[in-house]
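Below are the structure tokens for one structure; questions will follow.
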Amino acid sequence: MSGSVTVLEVAGAAGLTVYAVAMWVAVGVLAYALRGPLPPWLPRVAAGVITAGVVGQLGHVQEHVAQAAYWVLHPEEPAWMTPWGDGLARGFHALAGGQHALGMELLHLTGNVVFLAGLVGVALVARHAAAFRARRWARMGVWMQGLHGLEHLVLTVSVALGGPAVGLSTWFGTIEPGPALWTYRIWWHFLANVAGSIVLTVALCLLWAERDRVAGSWSGARRVTPQRAPVHSNAGESQ
């Protein structure tokens, strides 16, 4: 990340941050609304959260695929970023200050936060029936991505504090900078993102296949059980 930072790069980083915050606000609204009778607008919110998560992960995982492909061609060179990924990282660095590496860590942390919100959205949609396969896959994805997001949080905090990136993907900072570190970290995050994307894809396919059951569970959640009218006995009147 060299050269001056452009307004467009800063705006992109700020926009991605707003995107992540808005997704988690929507997840909170979805989780709260699912506690009671379901309002008619809730399916649209759920669909929006899931769609936003998918779009965010598509942009995120392509960065890791590009990095892995570049490594195959240039295994001895430092980790590479796409021009748009590098621009967003520069924008995050301009917003947060600190080391240049902090911008890259913030970019990947934000991407993982967006992906996690999408997975939580899938899990919430199918929450009314524990037997749903989609729910099981989504919950597995939430746990996997939650741990992955925690990894990125630790990496970001360690760099923000002025030290090297510390986490599982750097072997807790014990690997010296160089081809060994670049190789390990590139493939660690590539595999983590591909695995998470596969889990999300399976969960969405199952959710679509079981959409009638999901819709039925949501309809059942909307119903309010009518109270029985009290039964009056006429026995006293006949005496």
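Cβ coordinates come from backbone N, Cα and C, glycine included.
Remember, predicted model here, so these are calculated numbers, not experimental data.
Heads up, here are the entries from TrEMBL:
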type     : residues : note
TRANSMEM : 12-34    : transmembrane segment
TRANSMEM : 113-132  : transmembrane segment
TRANSMEM : 153-174  : transmembrane segment
TRANSMEM : 186-209  : transmembrane segment
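A description of the local structural setting of each listed feature is requested, covering burial, neighbours and distances.
Within the chain carrying the transmembrane segment (12-34), a Cβ under 8 angstroms from the stretch's Cβ atoms is held by residues 42, 45-46, 48-49, 52-53, 56, 87-88, 91-92, 94-95, 103, 106-107, 110-111, 113-114, 117-118, 120-121, 124, 127, 221, all 6 or more beyond its ends.
Proximity of distant same-chain residues to the transmembrane segment (113-132), defined by a Cβ-Cβ separation under 8 Å and at least 6 residues beyond the stretch ends, is recorded for 16, 19-20, 23-24, 26-27, 30-31, 34, 46, 49-50, 52-54, 56-57, 60, 138-139, 141-142, 145-146, 149, 196, 199-200, 203-204, 206-207, 210, 213-214, 217-218, 220-221.
Remote same-chain partners of the transmembrane segment (186-209), defined as residues 6 or more beyond its termini with a Cβ less than 8 Å from a stretch Cβ, comprise 50, 53-54, 57, 60-61, 64-65, 67-68, 71, 79, 108, 115, 118-119, 122, 125-126, 132-134, 137-138, 140-141, 144-145, 148, 151, 168-169.
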Mind checking which residues reach the transmembrane segment (153-174)? Cβ under 8 Å, same chain, six or more beyond either end.
96, 98-99, 101-102, 105-106, 108-109, 181, 184-185, 188-189
